[in-house]
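Notes for the one structure printed next.
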Amino acid sequence: MTRLLGYVDLSEPHFVAAVLAIVFNPLFWNVVARWEHKTRKLSKAFGSPRLACYTLGGAILLLNVLRSHCFTQAMLSQPRMQSLDNPAVYHVGLALLGVGGVFVLSSFLALGFTGTFLGDYFGILKEARVTMFPFSVLDNPMYWGSTAIYLGWAIVHASPTGLLLTALVALIYMVAIVYEEPFTAEIYQQKASQAYKRS
């Protein structure tokens, strides 16, 4: 880690922007989704929970594009690491991009748009929690797939800055998981309990 930090200017504006984007995104969607769950204000404002969820999902997608742009600009504005700058390591980076892409895309296909973008906070629930691939091999595959993509992108660019930012992405996702998982479990437990009472 000390060796990585020797390559990274922590005060460089692109790096600071990337850090802010990485931290802000999950904070934004968790705060807004919890607020919606408690107040239903977004659903009321947009006329339906589904439209409100689509709108929040669109905002999250745009924020993710911004985060990826900031991440890339931060890497390009700082030095490359010579020991990472070789064909073997480059191909490892490509493999990570591919694996991460598979996890992200298959998660989206398994969950659908509303499942991916916090539909459960809007009262849009699946029949049960999704357990098919990739959820059958990994918890939170969207988050870990995204982390693998950032790691692969950093390696392809031989970027110590990218590696450091990827570590931050992973840390922020771990915090988000601790915050989100109990809530999701509680929602589906309540749904199962209500279904049991009706039967």
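Quick reminder: no glycine exception, Cβ is built from N, Cα and C everywhere.
Residues within less than 8 Å, Cβ to Cβ, of E180 (S-adenosyl-L-methionine binding site) and separated from it by at least 6 positions along the same chain comprise N30. As annotated by Swiss-Prot, S-adenosyl-L-methionine binding site applies to G98, V99, G100, E180, E181, with the evidence given as sequence analysis.
The intramembrane segment feature in Swiss-Prot is assigned to 13-33; the stated evidence is sequence analysis.
The feature topological domain 'Lumenal' is assigned by Swiss-Prot to 1-12 (among others).
Sequence annotations record features per position, and here Swiss-Prot assigns topological domain 'Lumenal' to 34-45 (among others) based on sequence analysis. Per-class residue totals from DSSP over the topological domain 'Lumenal' (34-45), listed helix then strand then coil: 11 helix, 0 strand, 1 coil.
Look at Swiss-Prot and you will find 67-93 (among others) tagged as topological domain 'Cytoplasmic'. Residues 4, 7-9, 12, 14-15, 17-18, 20-22, 25, 150-162, 165 of the same chain, all 6+ positions outside the topological domain 'Cytoplasmic' (67-93), place their C-beta atoms under 8 angstroms from a C-beta of that stretch.
Per-class residue totals from DSSP over the topological domain 'Lumenal' (115-157), listed helix then strand then coil: 22 helix, 0 strand, 21 coil. According to Swiss-Prot, the feature topological domain 'Lumenal' maps to 115-157 (among others).
According to Swiss-Prot, the feature topological domain 'Cytoplasmic' maps to 179-199 (among others).
Residues of the same chain lying 6 or more positions beyond the ends of the transmembrane segment (46-66) and with a Cβ under 8 Å from any Cβ of it are 21, 24-25, 28-29, 32-33, 36, 40, 113-114, 116-119, 122-124. According to Swiss-Prot, the feature transmembrane segment maps to 46-66 (among others), an assignment based on sequence analysis.
Annotation source Swiss-Prot lists transmembrane segment at 94-114 (among others).
According to Swiss-Prot, the transmembrane segment annotation covers 158-178 (among others), on the basis of sequence analysis.
Proximity of distant same-chain residues to the topological domain 'Lumenal' (34-45), defined by a Cβ-Cβ separation under 8 Å and at least 6 residues beyond the stretch ends, is recorded for 52, 55-56, 121-123, 183. Cβ neighbours of G98 (S-adenosyl-L-methionine binding site) (same chain, under 8 Å, six or more residues apart in sequence): G152.
Pairwise Cα distances among G98, V99, G100, E180, E181, which the record gives as the binders of S-adenosyl-L-methionine, peak at 26 Å.
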